[in-house]
Amino acid sequence: MGAVLGLCSAAQLACCCGSAACSLCCSACPSCANSTSTRLMYTLMLLLMTVVACITLAPGLHNVMKKVPFCENSTGLIPGNIKFDCDQAVGYLAVYRICFATCLFFVLMALLTIGVRSSKDPRAGIQNGFWGIKYLVVIGGVIGAFFIPEGQFASTWMVFGMIGGFCFIIIQLILIIDFAHSWAERWVSNYEESQSRGWYAALLLGMLTCYALAITGITLLFIFYTKPDGCDLSKFFISFNLILVVIASAISILPSVQEHQPRSGLLQSSVVSLYVMYLTWSALSNSAGECNASISKTNETSFDKESIIGLIIWVCSVLYSCVRTASSSSKITMSEHILAKTGEEGDGGEAGQSEETKVFDNEAESTAYSWSFFHVVFAMATLYVMMTLTNWYNPSSQLSKENVASMWIKITSSWLCVGLYVWTLVAPAIFPDRDFN
């Protein structure tokens, strides 16, 4: 499914150039729904902007980046005397400006698509087309953002970044919990249908692996982020989250829960436990004081392990949200399109025209997803990746990972993760008359 969706996105991107070679490329790709290809095109845009932001943090570009307009040692394109030294944080400030322009683009798209109900709306062309113009707008916005004087820009934009990043973490929690349930249900269903020991072994291995990683993470957190005499807050966070995941695991196998959700179990709990431990690690990496083992002794802007893992989880969450919604919303319309295409081939004259339609419209009656909310989510995803790349602290201050506000945002997210997961377990038992599928 992922390969087909990738080809759909590549086909739509190639068709933007309009040449004969591109048309040949489009004709070689499989058919897909317009809603699917559109979401993947926006995902591709977001990933490309993320790659550009990562490139600005490359050590080899440090001296080149110091010549950008917002630095005090620039070519004088910014009026006024800006007392800011770009020698240390120019990469982070560049990430802020790239993500600022990208976020504003998605906010603009969200405003333009409010209230769209079907592709018959005149604004559908703005959502599903003009890709060349959209990319030029984003590129132009990024270039313009580099001319914003520093001043209080980073400090102010960091506040928006923390709020948007926290909101996306909540969405990411829902996606991860949904992934855990989908994964377990698929493998349990395969085991029940085939009674194969292979599927049973896979279930057991997946559960044990996630729990082993979670336990290893807890042990390392106690070793590197606590001390025998002190670090009481860090000890509380680690111990409290350990208790929460144990309680959640126990709830998942209660008879009352199993009665309403026979396929719930420890596999989902192990995935959630592992993610909670990651959030705990991420929170402690922004804690203040000598208990923070992640504080770098150097002032160089670079990636650390926590940021890399956060980016990987972010990319997987964005791709999973697109693939999952695309597969569920396009299943019926794909079948209808294939049947319609088969019928048209029997008419002879219209067969050739049907074969050329590789991206078909599946939203003529109603949209497959909320266009406006989709762009709001991507705006928050942009803010989240901005905070992840800059390690959740203000780049205009001293380069230190200490950020108490970020620490509380992440630790609160870990508690919400457990709460949301427990709710998905107990809600069907508490409200048996409601459909939670």
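Every residue gets a Cβ built from N, Cα and C, even glycine.
Feature annotations, reproduced from TrEMBL:
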| type | residues | note |
| --- | --- | --- |
| SIGNAL | 1-22 | signal peptide |
| TRANSMEM | 41-61 | transmembrane segment |
| TRANSMEM | 94-116 | transmembrane segment |
| TRANSMEM | 128-148 | transmembrane segment |
| TRANSMEM | 157-179 | transmembrane segment |
| TRANSMEM | 199-224 | transmembrane segment |
| TRANSMEM | 236-254 | transmembrane segment |
| TRANSMEM | 368-387 | transmembrane segment |
| TRANSMEM | 408-431 | transmembrane segment |
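Segment contact holds for the transmembrane segment (368-387) and the transmembrane segment (157-179), given three or more CB pairs below 8 angstroms at sequence separation of 6 or more. When the stretches 41-61, 94-116, 199-224, 236-254 are ranked by Cβ pairs under 8 Å to the transmembrane segment (157-179), first place goes to 94-116. The transmembrane segment (128-148) makes contact with the transmembrane segment (94-116): 3 or more of their CB pairs lie within 8 A, with pairs spaced 6 or more apart in sequence. Same-chain residues lying 6+ beyond the ends of the transmembrane segment (94-116) with a Cβ under 8 Å from its Cβ atoms: 45-46, 49, 52-53, 56-57, 65, 68, 70, 123-124, 126-127, 134, 137-138, 141-142, 144-146, 148, 153-154, 157-158, 161, 164, 367, 371-373, 375-376, 378-379, 382-383, 385-386, 389-390, 395. Listed by sequence, the residues of this chain that lie at least six past the ends of the transmembrane segment (199-224) yet keep a Cβ under 8 A from its Cβ atoms are 183-184, 187-188, 190-191, 234-235, 238, 242, 245, 265-267, 270-271, 273-274, 276-278, 280-281, 284, 293.
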